[in-house]
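In what follows, a single structure is set out as structure tokens and then discussed.
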Amino acid sequence: MTVFSNTERMNHPTIVKVISENKGGLSDEIPHLVYISREKRPKHPHHYKAGAMNVLTRVSGLMTNAPFMLNVDCDMYANNPEIVLQAMCLHLGSKNENEFAFIQSPQYFYDRPENLCILNEYIGKGIVGIQGPFYQGTGTFHRRDVVYGLCLDQIEHQGNIVEDELLKKFGNSKEFIKSAAQTLEGKTGGYSSNISRSLDEAHRVADCGYEYGSSWGDEVGCLYGATAEDNLTGLVIHSKGWRSGYCLPIPHAFLGCASPSGPAGMRQQKRWATGLLEILFSKRNPILATLIGKLQFRQCLAYLWILTWGLRSIPELCYIALPAYCIITNSTFLPKVQEPTVLIPLALFLIYKLYTLLEYIQAGLSIRSWWVNNCMARIVTTSAWLFGLVNAALEQFGFSEAVFEITQKIHRSSDVDEVMFDDSPFFVPGTTIILVHLAAWATGLLRLQSQCAHGSGLGDYFCSVYVVLCFFPFLRGLFMTGKKGIPWSTIGKSTALALLFVQWCKMMSSMN
């Protein structure tokens, strides 16, 4: 088609093409298939995925105005042919048909089945008993009227809506206003199955300037203001009193491609941490949603647990550096092996590790998966989440703007767990941690001949060895070449930081 020729990715007009049309409106025929590419111009913000979702919502409202919408990412596919039927059973078959605002199917990956498995198995199922799971941005069946901003307490007052009152809220397309009014009045049907006649208006509502002066992204549709637009949208929906449902069929509803264990995966984790902290620091945080909205207290705690992921990077980085600090300064933060109180931290450590291992075994995962994910959690927290925290802080103080970084998905076999390195700053913290602990071991070996009654104990060395094992990919990367090896530029930066840390430790030791 000529419309696709010489089209710039970030500078092109609206493209709406009806690829296949079910003109008869028959249920046993292939449904409509429409390609949509919204208008993009360099000087107009397009709000990334949230903006695309809102354009799709408006165009589908003009063409079919179906009461339910399915949101699936482009790297995922339907793995269970009955998922739509099962989701509609939850939407329409509950005691109260207005109970659920959306039905969420958890994310699973065909090339890395253990990823997010524990999160879905325990956290996902756990919050079903409160107000329901978070909106995960994919595998979600939305109610159109809720996406249009309908509150739960407005259900009983649904009736005739004055279309002029919706102009400021939904934009100046009268055709779309009619479809939105029909949806908010709780009516279904009434729109022709011939979608080709709505093409002109579809182009209009997909233009980049259509949302100016409207409530799209603020009160209507997928919300703007955070790169984690899915979590923000779900939070606001829950704060209006709605619940969400959890659909976990066998086999899994949708399967996708997991992000690789390298810079692309780190960028995705950084984006998540940044976006979640943007919500935490915004006026739509769960605390205010509980105080002045209808978010339940326990649901508020669940949201706070995920929104504070980025904040964990600071205490975890301190704990990881603590054993090395104690070895270098010839001090200790744990009781001596001969002291009975050493059993307290040892018991806490073993109980926690055995409990998390049991979670993996009960979920049908291997011990290897448990250990790999345990190590990756330490690496991601001290690198990607740390950069996410810094990025969110810079945004709050006005030094930078939010940027949605797209994650590149690369298919690879499920048995590949190796970390690929490049000169990205994401790998500087992990390399520095390894060098710091190696320097601590060297310092400890040089002190073996001295008799210090109050020096470092076995507990400090045990913790240091545990940290090195968690960051073992970085230790191996110091001696490898190619993509499996850490670049010299990263080693140089990390060496400088490690030397500064060692010098600081010696300075603190001399002061004491």
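Glycine is treated like the rest: Cβ placed from N, Cα and C.
A TrEMBL annotation is a machine prediction, not a hand-curated record.
Given the ranges 296-316, 380-400, 485-505, the record in TrEMBL names 485-505 as transmembrane segment. Taking TrEMBL as the reference, the stretch among 69-89, 426-446 described by the feature transmembrane segment is residues 426-446. Within the same chain, the residues at least 6 positions away from ASP73 (Mn(2+) binding site) whose Cβ sits under 8 Å from its Cβ are GLY137, THR138, GLY256, listed in sequence order.
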